[in-house]
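Let me begin by presenting the structure, written as structure tokens, before commenting on it.
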């Protein structure tokens, strides 16, 4: 990328509700301290009339998907320090996902932020990936709170993966998606259950 910013950093966080002013203040402080380029949030619990509450100085581009009730809700915040231009936005009416396609310094990027429901998470994610398969390319980043372990390493017990999770993994492989965390941490199992970074996948292409 050209300009003063030649790389981007992306963070993802389940905030478990932002209706409390204290929690919003803590989130703003965390974003300023972390200082990422892009911030993806899950479980904002904000409805349409409350979207104005999600404001961070220096982050004028905020894209949110919400439902009719104070539950679910996902958001993508993009820092003013990069030149982001919006091309396409797809929002879930229940606030479980948002797809944002645009350019950063004239380079294409697609971000899909997902908050999967507690029940049927694997099937839900599979459906989203298939729904947007034509939007997924080598510039796509998928992240969020998937609410399901995708490998035995990610599980809190030694239970086998169920049929739905196996089918989701097949879909992920068919779409050539790669778990970036697993590339750099092939044997770690601590990040899934206690970390600022929830599970995320990225399409990669051989050059």
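Here the Cβ of each residue, glycine as well, is placed from N, Cα and C on the backbone.
Here is what TrEMBL says about this protein:
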type    : residues         : note
BINDING : 14, 43, 145, 147 : Mg(2+) binding site
DOMAIN  : 11-192           : domain 'Endonuclease/exonuclease/phosphatase'
SITE    : 147              : site 'Transition state stabilizer'
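Around residue 43 (Mg(2+) binding site), the same-chain residues at least 6 positions away in sequence with a Cβ under 8 Å from its Cβ are 14, 15, 16, 17, 71, 72, 73, 74, 115, 145.
Sequence-distant neighbours of residue 147 (Mg(2+) binding site) (same chain, 6+ apart, CB under 8 A from its CB) are 115, 116, 117, 118, 121. Among the listed binding-site residues, namely 14, 145, the Cβ with the most fellow Cβ atoms inside 10 Å is that of 145.
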